[in-house]
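These features come from TrEMBL:
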type	residues	note
DOMAIN	9-337	domain 'DhaK'
BINDING	Gly56, Ser57, Gly58, His59, Lys109, Asp114	substrate binding site
ACT_SITE	His222	active site, tele-hemiaminal-histidine intermediate
DOMAIN	373-572	domain 'DhaL'
Amino acid sequence: QTSKKLVNSVAGCADDALAGLVACNPNLQLLQGHRVALRSDLDSLKGRVALLSGGGSGHEPAHAGFIGKGMLTGVIAGAVFTSPAVGSILAAIRAVAQAGTVGTLLIVKNYTGDRLNFGLAREQARAEGIPVEMVVIGDDSAFTVLKKAGRRGLCGTVLIHKVAGALAEAGVGLEEIAKQVNVVAKCWPGSWGRDLSSCSVPGSKPTFELSADEVELGLGIHGEAGVRRIKMATADEIVKLMLDHMTNTTNASHVPVQPGSSVVMMVNNLGGLSFLELGIIADATVRSLEGRGVKIARALVGTFMSALEMPGISLTLLLVDEPLLKLIDAETTAAAWPNVAAVSITGRKRSQVAPAEPQEAPDSTAAGGSASKRMALVLERVCSTLLGLEEHLNALDRAAGDGDCGTTHSRAARAIQEWLKEGPPPASPAQLLSKLSVLLLEKMGGSSGALYGLFLTAAAQPLKAKTSLPAWSAAMDAGLEAMQKYGKAAPGDRTMLDSLWAAGQELQAWKSPGADLLQVLTKAVKSAEAAAEATKNMEAGAGRASYISSARLEQPDPGAVAAAAILRAILEVLQS
């Protein structure tokens, strides 16, 4: 079936796209009656060479994105994947000639239609006395044996726009620019594409079909099929395959890259690849090239020449020396040219050592032995309680969230059990809570891990100076405050905070002189359990449950149930 495209009409899509680009870029203007975009400051080009390029639409940001000081003077756009009309090419040549330029260089990708139409326009312009030269770019490295048609023009053409633009900006003459560009174009660039599926021209079906587990290698930029298909592989494997092919000396269109060579590397998104995948491919390409001893002088990563929405990439390598690099680095105002630092990426330091963790003070509690043993018993009971509740908590969570509350708490329990095997826990409550907070943040995951981590980090602070009952009550207050500050939940929002808050209110009694540890803690646990049960009648005001359609849920909140169970486990150990 025909693919969906956000267009006004199939017939007018190329005009509308170009009009949109010009409307949003004050440095561009349209040539009336033609699908031609030109620099707005043509008058500033008097006495200089003009550069015109173009081709079918659908390759955005090419070609109009590369118009600007230091790159192209203008472009002529055809319909989608179709060569531009001879009349429009001629109109563009006349327009730049009238502005006082001393000649025009046409930069053409190697496709039959483009060669014919640009060639015809050139002949007519020369008959009118306008000096026009033409260079045909073929940077395709897909074919091992050269066909009569030669190599297709791919993303490497953008590098030619840059080199020619820098020369024109420096005031170099037409013949000299054509000569230098031809040297670069004949000797060096090589591009190779691979995609995961086809693209479709507006109003049409996909240009070819790929099964779910296939990748196409060596495709063109018009959705035409490539030279071979392989089974889906990892990014590393596909990049290695592409670079092996591009640099293989038995391949007639190879790039003569050897250890010690210096290259500009282009990783080009063919239109439908995510930024995530582009980054992965870029990393794989850098590692693969540097592993071969190739020096990457500059790395350009982005969308330069697309094929509509094709999910795929092309890799381009251009062998460079210092003079050529100066042209690549020269300033340009072209909107689609990336802002790349003028330094080699190979040999640069790419990471720095992470700061060391602050040293813990030695465990200050004198009665280390018995206190530490009691802490271990409490933690063991908490862990076995949570492991026993795993399925129950998951079932409660399936009603309101993503069904993993029990799994998350079990992950925390197992992490604590592993940690206890390494040796007795610290006897100092502040150090114990801090250590648990780090452990849960690292191993528990999810928002529960972050919330418990916050709670424990904050609760540890009041216990640094003393460990009296008022200090434990203050620790509870500090933990609850941190949870509310960063978690944005309040009591009554149907979260784990409901249980902890109810317990915290009872623990205020510890601040009174002569308060009894177990008596107050027993009341706190009962209050927490009642609050957990009461969450079944609450409307979710925070957490994942607040997003789902049924405002009232039949089950209590799993986080609140878990928090109450943890407090119950602590109480039982202390009672025994």
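For all residues, glycine too, the Cβ spot is worked out from N, Cα and C.
TrEMBL: automatically predicted annotations, no manual curation.
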Could you tell me which of these binding-site residues, Gly56, Gly58, has the greatest number of Cβ atoms within 10 Å of its own Cβ?
Gly58
Among Gly56, Ser57, Gly58, His59, Lys109, Asp114, which the record lists as binding substrate, the farthest-apart pair of C-alpha atoms sits at a distance in angstrom of 15
Counting other Cβ atoms within 10 Å of each Cβ, which of the binding-site residues His59, Lys109, Asp114 scores lowest?
Asp114
How many other Cβ atoms are found within 10 Å of the Cβ atom of Ser57 (substrate binding site), counting all protein chains shown?
25
